[in-house]
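I have a structure here, written as structure tokens, and I will follow up with some questions on it.
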Amino acid sequence: MQYSIKQVLSKASDKLNKIGISSSQLEARILLRYVINKPIEYLLINLDEQLNEVEIEAFEKLLERRLKHEPIAYIIGIKEFYSREFIVNKHVLIPRADTEVLVDVCVHKSSLRATKRSVAISGILSKIASSTPMASSRNDEYTKILELGTGSGCIAISLLCELPNARVVATDISLDAIEVARNNALKYHVTDRIQIIHSNWFENLGKQKFDVIVSNPPYISTDEKPEMALETLNHEPYIALFAEEDGLQAYRIIAENAKKFLKPNGKIVLEIGFKQEEAVTQIFLSNGYNIESVYKDLQGHSRVILFSPINLNRSYARRIGKSLSGLQQNLLDNELPKYLFSKEKLIDEKRKIFLEIGFGMGEHFINQAKMNPDALFIGVEVYLNGVANVLKLASEQNITNFLLFPNNLDFILNDLPNNSLDGIYILFPDPWIKNKQKKKRIFNKERLKILQDKLKDNGNLVFASDIENYFYEAIELIEQNSNFKIMNKNNYLKPHDNYVITKYHQKAIKANRIPRFIILQHVSGDH
């Protein structure tokens with residue numbers, strides 16, 4: 001018996017509609033198009049054309065699979081992604097439109113809107129790529145990308161098609177998925193620019209370094225199973241969907257291991273699940289990363305986050321006085337990430353906030369935090385031995401109300417909101433005695449203006465020095481600034497509240513240098 005295209009589509013659409021498939025008409029057309037190898041437009045203008053028995057039987061077999069909630073992409077074996085058709089089967093996750101945001105962020109000048117706490121970025125890979133010649137001119141000059149969990153390879157291959165001078169290493173734990181990815185690489189003629197590795201995350205990468213690490217990792221919690229579509233739950237690979245630890249396990253693995261595989265100034269671009277922005281950003285903040293941008297999908301949900309490691313090497317000052325001990329290195333590796341400063345950690349912060357610039361070995365810094373447990377203390381110090389000592393003292397005394405920025409002051413100033421600090425301590429900074437060096441002083445005219453803007457009205461700034469000329473030059477500088485009032489004009493020898501005599505203070509006394517203190521109050525004015 002023969003039926004027309006119109007009759008076949010109508011009956012199939014009714015059956016699909018009865019099981020809750022909202023796009024029943026479209027899916028019926030897709031299945032029939034696949035059977036007769038004609039475009040959908042052909043079906044729409046030839047509704048009265050008769051189908052033969054072979055065509056109808058083939059169509060009915062495919063329809064029966066769809067009626068059992070098998071995804072249509074698996075039935076026809078292809079799925080469109082980023083304007084290309086990729087081979088898919090039950091061994092790989094079906095590419096989603098939301099994941100195109102991941103590629104978009106990497107490749108294009110994105111029109112996607114970053115969140116208010118983001119710096120608008122675009123064309124991450126394009127910027128890297130444009131700074132280097134094509135790979136054909138020099139084999140070592142190309143953008144090197146790592147994709148973790150490649151699945152069908154749709155992300156990696158899309159990037160290669162969009163970026164001619166990119167090279168990709170793509171990993172997956174599934175050998176079946178790797179076979180699919182290799183077939184897609186063959187289809188789009190990029191086999192010479194992609195290396196597909198059987199690996200559980202970073203395990204088999206050796207010592208390779210990458211400009212960008214990109215991933216759409218498994219991020220669904222098993223608790224979400226009751227809310228999932230049958231097509232996804234019963235047919236797509238479990239390992240590509242679900243992650244332990246409330247869906248966050250993969251992000252923890254990436255955050256803990258990615259730095260050693262990134263080149264200097266490298267980036268991480270990750271897709272996240274619905275409502276996971278806060279949890280994922282906290283994981284990366286705790287492991288020493290900056291959150292550079294958060295991008296939304298077409299539904300307005302946060303979908304892609306751009307991370308970069310906090311750079312501990314961008315500093316003008318000495319970083320290590322003597323070799324770090326095993327304990328010190330362990331503290332820097334394992335404890336410092338928990339306390340690393342980032343601007344995101346100040347969002348919705350209700351406590352009083354104090355900043356100490358150049359805390360040395362940290363005796364004063366830790367004592368202030370201990371004496372004021374309801375406040376937050378931010379410490380800036382380039383001397384890693386001192387940073388490690390703060391972490392040691394904090395651990396011994398169970399002090400947690402602090403953040404550390406082990407870098408040059410200038411790199412943190414833009415991340416401190418104006419009118420946010422209740423107090424600033426600048427105790428015994430390098431005096432830079434020579435005239436040509438004075439511009440390097442922490443306490444100079446330009447920085448004083450910036451610090452003034454960071455202080456709340458009536459906030460305090462404490463400056464101390466054991467170098468007499470530097471101290472009185474600082475007073476002259478302050479007297480030129482009408483936004484500060486000196487609170488201790490009659491006694492510069494008396495320190496501020498909760499001050500502890502540090503080792504440096506003791507050395508100054510022994511060397512017959514007198515420590516002096518200026519206690520300033522910020523007077524109400526424009527910020």
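The backbone N, Cα and C atoms fix where each Cβ goes, and this holds for glycine too.
Residues annotated as region 'HemK' in Swiss-Prot: 1-309. Annotation comment: Swiss-Prot describes 1-311 as region 'RF MTase'. The feature S-adenosyl-L-methionine binding site is assigned by Swiss-Prot to Gly149, Thr150, Gly151, Ser152, Gly153, Asp172, Trp201, Asn216, Glu356, Glu381, Asn408, Asp430, with similarity to another entry given as support. Feature annotation from Swiss-Prot assigns substrate binding site to Asn216, Pro217, Pro218, Tyr219, Lys434, Asp466; the stated evidence is similarity to another entry. As annotated by Swiss-Prot, region 'tRNA (guanine-N(7)-)-methyltransferase' applies to 310-527. Taken from Swiss-Prot, the feature region 'tRNA MTase' applies to 314-527. Swiss-Prot lists Asp430 with the feature active site.
Map these features onto the structure and tell me what's around them.
Following the DSSP three-state reduction, the secondary structure of Asn216 (substrate binding site) is coil. Close to Asn216 (substrate binding site) in the fold, though at least 6 residues off in sequence, lie Leu93, Thr99, Leu102, Gly149, Gly151, Ile155, Leu270, Glu271, each with a CB less than 8 Å from its CB.
Other Cβ atoms within 10 Å of the Cβ of Asp466 (substrate binding site), summed over all protein chains shown, number 20.
Note on the region 'tRNA MTase' (314-527): its mean pLDDT in the predicted model is 88.
According to DSSP, Asp430 (active site) is assigned to coil rather than to any helix or strand. Packing around Asp430 (active site) is summarised by its Cβ count: 15 other Cβ atoms lie within 10 angstroms of its Cβ, all protein chains included.
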I need the most crowded of these binding-site residues: Gly149, Gly151, Gly153, Pro217, Pro218. Count other C-beta atoms within 10 angstroms of each C-beta and give me the top one.
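Checking each of Gly149, Gly151, Gly153, Pro217, Pro218, the winner is Gly153.
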Return the member of Pro217, Pro218, Tyr219, Asp430 nearest to Gly153 (S-adenosyl-L-methionine binding site) in space, with distance defined Cα to Cα and candidates limited to these recorded positions.
Pro217
Please give me the CB contact count at 10 A for Glu356 (S-adenosyl-L-methionine binding site), counting all chains in the structure.
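A count of 23.
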Rank aside, I only need the closest one: which of the recorded positions Glu356, Asn408, Asp430 has its C-alpha nearest to that of Pro218 (substrate binding site)?
Asn408
Closest of the recorded positions to Trp201 (S-adenosyl-L-methionine binding site), Cα to Cα, picking from Pro217, Tyr219, Asp430, Asp466?
Pro217
Over all shown protein chains, what is the count of other CB atoms within 10 A of the CB belonging to Tyr219 (substrate binding site)?
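Excluding its own Cβ, the number within 10 Å is 24.
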C-alpha of Tyr219 (substrate binding site) to C-alpha of Asp430 (active site): distance in Å?
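Distance (Cα to Cα, whole Å): 49 Å.
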